[in-house]
Amino acid sequence: MKNYLLAHVCIRRYRIVSLFPNYMRQEVTFVKGDGALLWDDTGKTYLDFGSGIGVTNLGHCHPKMTNALLEQANHLWHVSNLFPIPLQIEVADMLCEYSGLGAAFFCNSGAEANEAAIKLARKWANEVKEISNPEIITFEGSFHGRTLATLTATGQNKVKTGFDPLPQGFRTTSLQNIRALKQMTNPQTAGILLELVQGEGGVQPASFAFMHDLADWCQEKDILLMVDEVQTGIGRTGEIFAFQHYGIQPDVVTVAKGLGNGFPIGAMIAKDKLKPVMGPGTHGTTFGGNPLAMAVAKAVLTEINKHGLLQEAKKKGAFLLDRLTEELANFSISEDIRGLGLMVGIKLTKPVLPIIESLLKNGLVTLPAGEKVLRLLPPLVVTFDQIEQAVSLIKAVLTSTSMKVHLG
Ligand SMILES: Cc1ncc(COP(=O)(O)O)c(C=O)c1O
């Protein structure tokens, strides 16, 4: 009933009857952003601890990205990939240098980046390993996108329901369980795809021991280790890529969200040995890597390495985690507080959506991760003061929610 009312208010206010109702939208309409702040159409200010689901990692309307976009828009918006795009080479070089990988392919979203990784793994398995029906193993609770292949790879049934028939060649096992993973591996296994911190699945980091065992297993069995850094990548965890915390070297990495800081983009980066697999005509996209996206991505990758931003992000992430842990220590409603860098989750004993609505009313934008996890993804440019403000608001809202639970 409440969702219906919410949708009804939005429909009346903005006449969105001509849109598919596939998103559950909040009532607030943002019209301006700056750093970690947002303003709605009534002039009210909000602290943004969602970053458009981990996208605006360098803050809203960052002047370096805005200038790069405007400058490029005055020169050239688009040429097809049938012609060289020099900025693509610059951005690919930067991604390869930072990741230790050998080649990049550009697309427009996270799902497309994962789709490219899945195609790459299948083609490599077919042609190099001579596997006729290659399989990819993924993990329960994961999220890899909404295309048919990536939703099949996703380890959450709610994403797949109603979309049969699904593509073949995917198996799902449980995270942190190396024995189960080894048992599932067979001669058809071409790749293992995972998020190092499951985002949509509840801000769930893979353990160091599991990742090292997994990396060793992939090497031993000549299986591609494919890391989905769509949400964890581009500074979110305090390193450019989350895999850098683990001291492992994946074969394939996918990124998207933070790479454009709000400009649509995706990329797959892979080891040199995989480059020949994707020869001319094997894969492509009209818009992927166009000059506008590349100009912004170059500005993002230049900026992210400056001003000690990553080191600061690590400190801010640790501060956020510590302050939440201190303030919520005696709250029975909060079961667990976890995360990596500026990707933090509070596991609650109650559904999270009413809490997110209350926080929004109080001027704090947050996100759900599953039914009971409150997800916090502030931009890297958030200040320590803003973190304190957010912690106070969360404490206040959880206090009143806990009181309602006791009274109710
Ligand atoms: C880990 C992960 N992979 C893939 C995706 C899909 O990205 P997109 O929505 O850009 O297709 C997401 C989106 O939330 C994600 O968090």
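Quick reminder: no glycine exception, Cβ is built from N, Cα and C everywhere.
According to TrEMBL, the pyridoxal 5'-phosphate binding site annotation covers G110, A111, F143, D228, E229, V230, Q231, T286. Taken from TrEMBL, the feature N(2)-acetyl-L-ornithine binding site covers R146, T285. According to TrEMBL, the feature N6-(pyridoxal phosphate)lysine maps to K257.
Close contacts with ligand 1, defined as a Cβ under 6 Å from any of its atoms, occur at A111, D228, V230 among the binding-site residues A111, D228, E229, V230, T285, T286. Spread of the pyridoxal 5'-phosphate binding residues is 25 Å (greatest Cα-Cα distance among G110, A111, F143, D228, E229, V230, Q231, T286). Counting only residues at least six positions away in the same chain, the Cβ atoms of G110, N114, A117, S142, H144, L193, L194, E195, T254 sit under 8 Å from the Cβ of D228 (pyridoxal 5'-phosphate binding site). With respect to Cβ neighbours within 10 Å, the recorded positions R146, K257 differ, and R146 shows the lowest count. Residue pair Q231 (pyridoxal 5'-phosphate binding site) / K257 (N6-(pyridoxal phosphate)lysine) shows a Cα separation of 6 Å. Every protein chain considered, the tally of other Cβ atoms within 10 Å of the Cβ of T286 (pyridoxal 5'-phosphate binding site) stands at 9. Within the set of binding-site residues (Q231, T285), the lowest number of other Cβ atoms found within 10 Å of a Cβ is recorded at T285. Relative to V230 (pyridoxal 5'-phosphate binding site), the recorded positions with Cα atoms inside 10 Å are K257, the candidates having been R146, K257, T285. When the CA atoms are compared, the recorded positions lying within 10 A of R146 (N(2)-acetyl-L-ornithine binding site) are A111, out of the candidates A111, E229, K257, T286. Each residue contributes its Cα atom, and for E229 (pyridoxal 5'-phosphate binding site) and T285 (N(2)-acetyl-L-ornithine binding site) these two points are 21 Å apart.
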